[in-house]
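Asker: One structure is given below, represented as structure tokens, and several questions about it will come after.
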Amino acid sequence: MSYSSSSKFPLLMPLMVACLIMAASGSNFHNDFDITWGDGRGKIVNNGEVLTLSLDKQSGSGFQSKNEYLFGKIDMQLKLVPGNSAGTVTAYYLSSKGTTWDEIDFEFLGNLSGDPYILHTNVFSQGKGNREQQFYLWFDPTTDFHTYSILWNPQRIIFSVDDTPIREFKNMESIGVPFPKNQPMRIYSSLWNADDWATRGGLVKTDWTQAPFTASYRNFNADACVWSNGASSCKSNAPSSSTSTNNAWFSQEMDSAKQQRLQWVQQNYMIYNYCTDAKRFPQGLPSECKMS
């Protein structure tokens, strides 16, 4: 499969989601993030407007948000490692701490020059994951910045790329499926070597003659409930309080046009779905798969 520079599917108007309590401080990475590892391989440049992570044979690099969040709409623009990125993984995700952690994952699995990246998604709740869905993208994610978004509210999690939904994970606690709703999460990102599994199951190794590998980030935005000192910045965590446009994301769901776009992506670009992998679950597919 090769990248297509255009799609037949019509573009949608961007979501008009305003700030609830906190919008990320003018998208200044100095204010919003700490580079946590990499011994100088992670850098904030352009007066705080751009963050870059790099990977060489000695080490990768990573960063995390200063704030913790309990529900929100998180947007970040990424430009991925170009050229021969086989063996590398760029991870961008929300996660809590502890042995029963919650996590919402984007992972970008590198590939040989000209072959498409694989976008790997997963949702962990109370320490349990195994909910992988994987996609090709309908563009080359290395030539320009694209927006990767997580909408997380009490009813659902929606993964989007350039405002196109690619995956929805609904709250199905009513049938016994845990849902991330009680543990505040930080935003994390890292660029690291995973050539034991990342590309074709580990058959293709990282070509260190191409190092350093670099991924770039810009235009972070969080319309979100910030968790601090045991309390949320949002006045209420009840969806009934979400009647104004300022906190529309808190009860947002996909309209028919968004649902059509989701179906388009899943029919044309999804390459793995745990909910159809009967061999992996010989005792029966997970409960949420039977509802979708």
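Backbone N, Cα and C atoms are what each Cβ position is placed from, and that goes for glycine too.
Just so it is clear, the model here is predicted, and its values are computed rather than measured.
Take a look at what TrEMBL says about it:
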{"type": "ACT_SITE", "residues": "E103", "note": "active site, nucleophile"}
{"type": "ACT_SITE", "residues": "E107", "note": "active site, proton donor"}
{"type": "DOMAIN", "residues": "2-217", "note": "domain 'GH16'"}
{"type": "CARBOHYD", "residues": "N111", "note": "N-linked glycosylation site"}
{"type": "SIGNAL", "residues": "1-26", "note": "signal peptide"}
Asker: Including all protein chains shown, what's the count of other C-beta atoms within 10 A of the C-beta of N111 (N-linked glycosylation site)?
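Answerer: By my count, 19.
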Asker: Using a Cβ cut-off under 8 Å and a sequence separation of 6 or more, which residues in the same chain sit near E103 (active site, nucleophile)?
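Answerer: Long-range Cβ contacts: Y93, L94, S95, S96, N122, V123, F124, G129, P180, M185.
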Asker: Determine the Cβ neighbour count for E107 (active site, proton donor): the number of other Cβ atoms within 10 Å of its Cβ.
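Answerer: E107 (active site, proton donor): 19 neighbouring Cβ atoms within 10 Å.
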